[in-house]
Amino acid sequence: MRRVTWFNATSLTLGFAFLYLPMVILIIYSFNAGKLVTVWAGFSTRWYGELLQNQAFLDAAWVTVKVAVLSSSIATVLGTMAALVLVRSGRFAGRTLFSGMIYAPLVMPEVITGLSLLLLFIGLNIDRGVLTIVLAHTTFSMCYVSVVVSSRLVSFDQSLEEAALDLGCSQMQAFFLVTLPIIAPAVISGWLLAFTLSLDDLVIASFTAGPSSTTLPIKIWSSIRLGLSPEINALSTLMISVVTVGVISASLISKRSSLKRQADERAAGT
Amino acid sequence: MSQTVFEPWNDPQAKPLIQFKNVTKRFGEFVAIDNQTFDIYEREFFALLGPSGCGKTTMMRMLAGFEKPTEGTILLAGQDMAPIPPNKRAVNMMFQSYALFPHLSVWDNIAFGLKRDRKPKDEIAERVAQMLKLVRLEKFAQRKPHQISGGQRQRVALARSLAKAPKLLLLDEPLGALDAKLRQDTQFELVDIQEKTGTTFVIVTHDQEEAMTVASRVAVMDDGKIMQADTPANIYERPNSVYVADFIGDVTIIEGRATKNGNGYDIDFAEGQPTLHAESGKDFQNGQTCHLAIRPEKVAITADKPDTRNALKGTILDIAYLGNLSTYHVKLENDQIIKAQTANTRRLSRRSFTWEDSVWLSWTDTAGVLLEG
């Protein structure tokens, strides 16, 4: 073990304080009994109770979950397909261009993505609502899925699929019986990543949402403009927990499967 | 000995299982297989042997259906294979990496191909049990591939590829990942299984010892061409080219000019050196360049001048001690090096020759093979 020096301890404290102090304060104040956001008046779960009574918030939460599940599922299918093509088809003319185009939304400013989608929906005359948010979220989360899945596919032994074909599988069967089960951990963590991204997106959603389809981040943003309320703190705390659980399980799934594999291989003595 | 010898390639009546007819395979500009025509017969253990990049793997992948010939046709039991995709061919392959499905147990791996054929459950169970017994892995049926050793994985891969009882089994460097000792045992096991199942095996390997051990016929490949396809003994004793002679085993090649004499040729190979003689049925013009290929174990090494036609004097340059054998590198006066091998029947301290000793090398008229190039 390396010795803990004063310098190390200080940098660690500073770094984590910088990252997490705002959230910790928010979480603490969500348990505040008083109505004023900034004055501590004792511990209570009152605002969580009131939150559950607030139909507008509950509606927004339901829309958000719907959008997140739908968009992350579509993004997982499309992202996996894109990853398969990019990793498998070897070199074809314009391959670099294609992969660049798939990863571009990762660095594209959200405002621009949102604006361009808005223009598209207006141009196509699509009423803005849950559908448009789903489409928009699929667009930007798909590239994250494709990054995660293609990094797994790079180390995937192509001869496994050839073996499946050799043993009588069609291309389709080979994918569903052999390739998909093996890359499943990557696909699942891609889904979870897309899910959490969709859950906390404000910018793109506010461009593409309609009057009847307010997502939770939009709802929070608009209520804050009317003044802070302890209810928002409670809601944000809940969202932080959901996102944290999502991200942690995504990383645990991929880590556990690789650890288990290593342990088994050691046990087999090879 | 009235036993019939397994030599379908010498029987004009025998119908080949696989026929390559003028097969060429190009990848862009690169010619991987260059206009090859040859046959493989039923129940054969056929080895494709050659250095890496010689086209042997391409040959195998064309049989499996992963590559299509650019020109020419491949027939399996008389049927053109080109339009048949890999999953519809009565051909199975054992992959170099084994390609076992990591998410399936040993049992499920072996059953995989049978399930695709929608065979009844009890029939599948019976066949898998039979395969597990054949490769002696009954105890490991429920293990996952990463829970067994390398040698066991190799046997699972073999069982999986044999489960569908293919007409033809392709083996791509099947023993490459095993260590030397395990490799030898497995070679005999392979031959044993091949004989038991009566399946035609085509093996790709770069290891000549492996090819010689397992195969009924060995095809030595170079640059997309089969240089010679023959029994291991013929490949070794009667190579048809300097390339084959040099590729298989240890050999000394002496270049000279041939002059017809009796049943063979006299060979003048250097100024001041005696004329050699080798029997040969081949046709050489008088004065034509020829190559005499001679295996080290057929060269005798003595202190005194022997009483034979082929006798050369030189000094020992190097001794390679291999335990059971020693190979002497003897330099003649014209700087030609000839290898001679002797069995070490005596202990090292009593060995008769050492470095710088002047010795005589000799061999019989039939010991060497006379080649054109």
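Positions of Cβ are set from backbone N, Cα and C atoms, glycine also.
Listed features, source TrEMBL:
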type     : residues  : note
TRANSMEM : A:12-31   : transmembrane segment
DOMAIN   : A:61-253  : domain 'ABC transmembrane type-1'
TRANSMEM : A:67-88   : transmembrane segment
TRANSMEM : A:100-124 : transmembrane segment
TRANSMEM : A:130-154 : transmembrane segment
TRANSMEM : A:174-194 : transmembrane segment
TRANSMEM : A:232-253 : transmembrane segment
Chain residues in Cβ proximity to the transmembrane segment (A:232-253) (below 8 Å; excluding those fewer than six residues from its ends, i.e. six or more beyond): 23, 26-27, 29-30, 32, 37, 47-48, 50-51, 57, 185, 188-189, 192-193, 195-196, 199-200, 216, 220, 223-224
Highest-contact recorded stretch vs the transmembrane segment (A:174-194), from A:12-31, A:67-88, A:100-124, A:130-154, CB pairs under 8 Å: A:130-154
Long-range neighbours of the transmembrane segment (A:67-88), counting only residues six or more past its ends (CB under 8 A): 95, 98-99, 102, 130, 133-138, 141-150, 153-154, 156, 158, 183, 187, 190-192, 194-199, 205, 215
Sequence-remote partners of the transmembrane segment (A:12-31) [C-beta within less than 8 Å, at least six residues beyond its ends]: 37-38, 40, 43-45, 47-48, 230, 233-234, 236-237, 240
